[in-house]
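Visitor: Below is the structure I would like to discuss, written out as structure tokens.
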Amino acid sequence: MKEQLPFFNFSLKKVLALEPNSLKRAKIQIILTALVFTIIKALVIVFVAYKYGQNLQVLRAGIVISIAVVFIKILLSRPASMPVISHIILLIGLLVIWSNLLVFVHHINIVTIQMIFLSTLVSYYLIGGLRAACYTVLVMMPVLYCFLFSKEGIAPPGIVSQELVSSGTDPIILLNFLTFIITHYLYYRAFKQNLQEKEALNMQLQKNIAEVKALAESRSVFLSTMSHELRTPLNGVIGMAHLLKDAAVEEQKDTLNILEFSANNLLSVINDVLDYNKSELDKIELELLPVNLTALMGKIHSGLSHKAAEKGLDLVLYLDDRLKNMVVLTDPTRLTQVIYNLAGNAIKFTEEGTVKISLQAKSIENDKIDIHFSVSDTGIGIAPERQDAIFDPFTQASTDTTRKFGGTGLGLAIVKRLLKLFNSTIHLDSGSEVGATFSFLINFKLCSEEMQTREILQATPVALKGLKLLIVEDNRINVLLLEKLLSKWEVATGVAWNGQEAVDKLLTENFDGILMDIHMPVMDGYNATRAIRLLSDPAKANIPIIAITASVSHQLYAKITTAGMQDYIHKPFQPDQLCEKLNQILKPVHL
Ligand code: ADP
């Protein structure tokens with residue numbers, strides 16, 4: 001409490017107004033009550049004892065009155081001294097009890113018992129805890145003393161009893177009871193008020209939590225919507241740049257490469273923000289597919305080798321021999337994302353030397369295998385004091401990292417969260433300018449032979465030449481892009497500008513598959529698919545449908561399969577991804 005009281009203050013109201021804590025306010029009131037009642041009782045003693053010539057009693061009461069007046073004055077001007085005053089009052093009470101026994105009364109009378117109770121009560125209300133327990137034991141000691149010594153032995157030799165006559169003790173007994181009642185009342189009132197304050201605080205907290213949650217949810221919706229809006233035009237930019245490159249003359253190729261590189265960079269930033277957003281809301285779920293890690297790592301290696309070669313770095317892939325023919329159940333997309341992030345960083349932050357990706361089988365038991373992954377480099381390293389921080393979102397090792405190397409500081413935060421889904425944690429071993437090694441251990445389930453065959457079959461490419469696909473899309477740029485791309489693969493196309501047109505077209509023409517946008521005017525992709533699945537011609541009703549969407553809803557797969565579509569591909573997509581998806585979906589039907 002900040003004290004702003006004058007040296008001579010006589011207003012309790014002012015003191016209480018400065019103290020926000022209801023329990024502390026009650027403590028001040030309890031001490032003042034005890035002091036005021038002590039003065040009244042001592043005045044009674046002075047009056048009666050003087051009448052009967054009990055000078056020691058008069059002296060003791062006089063001292064007590066003086067101390068009480070001084071304490072009241074201090075408390076009213078410096079309430080922060082309350083804890084010290086509480087201790088002194090309890091010690092004085094202890095002295096009074098002992099002096100009653102040894103000097104004035106020589107046995108335990110009702111006033112002494114009241115004082116013992118009062119001291120116990122006040123010590124818990126004012127001080128509490130172990131210290132209050134100590135005072136309690138000390139004030140109980142006189143009772144023990146009485147049990148140990150007979151009545152005659154209590155008073156030290158030569159001291160004559162000066163017990164107050166009943167006309168003095170009766171009002172004191174009454175005043176003690178009053179102190180009891182008021183002290184209890186004050187503390188109970190403060191306790192109740194305190195509980196009400198806590199309840200109100202709790203309700204406010206719940207309200208704030210709900211508001212924060214709503215805010216987080218709306219931020220996530222905002223990010224999803226924004227990225228959806230960004231991804232659709234980006235699809236056109238990336239796709240067209242890719243197509244243009246085929247027809248471009250040599251000097252245009254460099255410009256197109258830069259255009260494609262920048263668009264892909266922008267896409268990866270959008271994807272990072274989205275992924276982080278999804279992982280923050282626990283919306284990422286792992287898919288479990290049979291995966292040959294050797295093949296997967298080979299793909300990642302060749303995907304990154306161009307980047308490494310550009311910087312003159314050696315990109316080494318070490319694979320434990322035992323992994324060669326093993327197929328494990330895992331999410332290849334997310335695992336690839338983790339390795340790509342780590343190895344991408346390693347290449348980015350290394351100027352010369354080697355980047356090594358290594359997979360080591362640790363233990364193989366029944367159908368389980370522990371694999372230790374590590375990505376190490378000979379780059380700039382990470383100072384020990386920044387090694388924890390770099391896993392936080394939007395955090396980089398130093399303030400000039402973005403300027404020198406680019407990036408958003410989201411990659412490692414995503415890696416950390418993704419690895420949590422794999423029940424793993426990332427470890428970093430690095431020092432300034434001595435390279436860095438990121439490593440983690442994942443426990444995989446090994447696949448049965450039948451699943452292994454599936455995995456190997458899925459990896460086989462199939463030509464799309466000669467197929468005829470229906471493009472259902474309302475965005476002209478995307479239609480143009482798909483037409484050009486598919487014609488490059490010698491796939492014939494038809495176009496419908498909305499879901500209803502697609503259903504009508506399918507009734508009059510034959511197609512091998514449909515590429516279906518989701519959000520369209522007149523009839524959306526979900527309703528169009530449901531209508532197609534109800535067609536009477538079984539060949540048309542069962543036509544393979546692949547959704548092409550910029551949506552990032554975490555229930556997308558569930559939604560499109562419930563509507564009757566086979567799979568989806570995200571906008572913007574790389575041509576290879578579309579080719580692979582078409583192979584996967586159309587292959588079993590047409591080959
Ligand atoms: P970004 O790479 O987009 O900046 P990350 O979250 O992937 O974000 O990395 C965070 C930071 O950690 C980087 O900015 C860099 O300072 C540091 N870092 C990550 N990997 C390495 C590495 N292999 N060598 C040195 N520093 C690294």
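From the backbone N, Cα and C atoms, a Cβ is placed for every residue, glycine too.
It should be emphasised that the depicted structure is a prediction, and the values quoted were computed from it without experimental measurement.
I grabbed these lines from TrEMBL:
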TRANSMEM  30-52  transmembrane segment
TRANSMEM  58-76  transmembrane segment
TRANSMEM  88-105  transmembrane segment
COILED    188-215  coiled coil
DOMAIN    225-446  domain 'Histidine kinase'
DOMAIN    468-586  domain 'Response regulatory'
MOD_RES   D517  4-aspartylphosphate
Visitor: If you draw a 10 Å sphere on the Cβ of D517 (4-aspartylphosphate), how many other Cβ atoms land inside?
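Guide: For D517 (4-aspartylphosphate), the count of other Cβ atoms within 10 Å is 27.
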Visitor: Cβ under 8 Å, sequence separation of at least 6 from the ends of the transmembrane segment (58-76): give me the contacting residues as numbers and ranges.
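Guide: The answer is 5, 8-12, 15, 28, 31-32, 35-36, 38-39, 42-43, 45-46, 49-50, 82, 85, 88-89, 92, 96, 99, 104.
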Visitor: Can you count helix, strand and coil residues in the domain 'Response regulatory' (468-586) using DSSP?
Guide: 56 helix, 24 strand, 39 coil
